[in-house]
Amino acid sequence: MKMCRLFLQLCLGLTLLSGLAKPDPDPLQDYCIADTKSPLYLNGAPCLNPTLAHSSHFTTSALAKAGDTKANQFGFSVTLTTLANLPGINTMGLTMARADIAANGLVPPHSHPRASEVTICLQGVILVGFVDTSNRLFTQKLEPGDSFVFPRGLIHFLYNMESKKPALAISGLSSQNPGAQIASKAAFVSNPPIPEVVLEKAFQISRQDVAKIRKNLGG
């Protein structure tokens, strides 16, 4: 009887948790333009007085300019809409991203802990893919106009298959703050660093390999 009661309590707790676990809270008004000058630190941003709202709060040119794909060793650049360049996005539960990928460049395996993502290829030929929790890989070659969805929290990548031309993709993510964690950097360039013995056992590599990878990744 006691075990049955504990099981029911666990089921009830999981049901309540699943109902509460949303990517972003729903807005309680038409909009909540981010007051980026407020000293308050909130989960999101305080709202500007609605009487001060105007059209420029809901538009941005942040994604119009190509990013610098030479800024990292992977050959990619991601530009995001943020509360700073698009304050009207506050509480809307979404973010837009522009991904510029150099010839044979890579947006390396990474995850967004707070958002699912849908990507559309605008230029080039892009190989995309994600790995589910059973380690099954789903891949697709995207050409201009093709789209692909990455489920929330799963490791995924984008690779420009063109050897001479850059690629361009635009993504929509289901959170105003999706977060991004590059798998290789999280493992090898954390601060403070993960103990070498852990990395040796996890990746089945030598201590020399750990040092080499850390150096190559800028650690």
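Cβ from N, Cα, C; glycine included.
Quick caveat, the model's predicted, so the values are computed rather than measured.
According to TrEMBL:
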{"type": "SIGNAL", "residues": "1-21", "note": "signal peptide"}
{"type": "DISULFID", "residues": "CYS32-CYS47", "note": "disulfide bond"}
{"type": "DOMAIN", "residues": "61-211", "note": "domain 'Cupin type-1'"}
{"type": "BINDING", "residues": "HIS110, HIS112, GLU117, HIS156", "note": "Mn(2+) binding site"}
{"type": "BINDING", "residues": "HIS112, GLU117", "note": "oxalate binding site"}
Cβ within 8 Å of the mean position of the Cβ atoms of HIS110, HIS112, GLU117, HIS156: remaining residues of the chain near Mn(2+): SER111, ALA115, PHE130, PHE150, LEU154, ILE155, LEU173, PRO178, ALA180
CYS47 (disulfide bond) and HIS112 (Mn(2+) binding site), Cα-Cα, nearest whole angstrom: 25
Averaged pLDDT, computed only over the residues in the domain 'Cupin type-1' (61-211): 97
Length of the line joining the Cα atoms of HIS110 (Mn(2+) binding site) and CYS32 (disulfide bond), in Å: 30
Sparsest Cβ surroundings (other CB atoms within 10 Å) among the binding-site residues HIS110, HIS156: HIS110
Spatial neighbours of GLU117 (Mn(2+) binding site) that are distant in sequence (at least 6 apart) but have CB under 8 A: ALA97, VAL149, PHE150, HIS156, SER171, GLY172, LEU173, SER174, PRO178
C-beta crowding around CYS32 (disulfide bond), within 10 angstroms: 21
Count of other CB atoms lying within 10 Å of the CB belonging to HIS112 (Mn(2+) binding site): 25
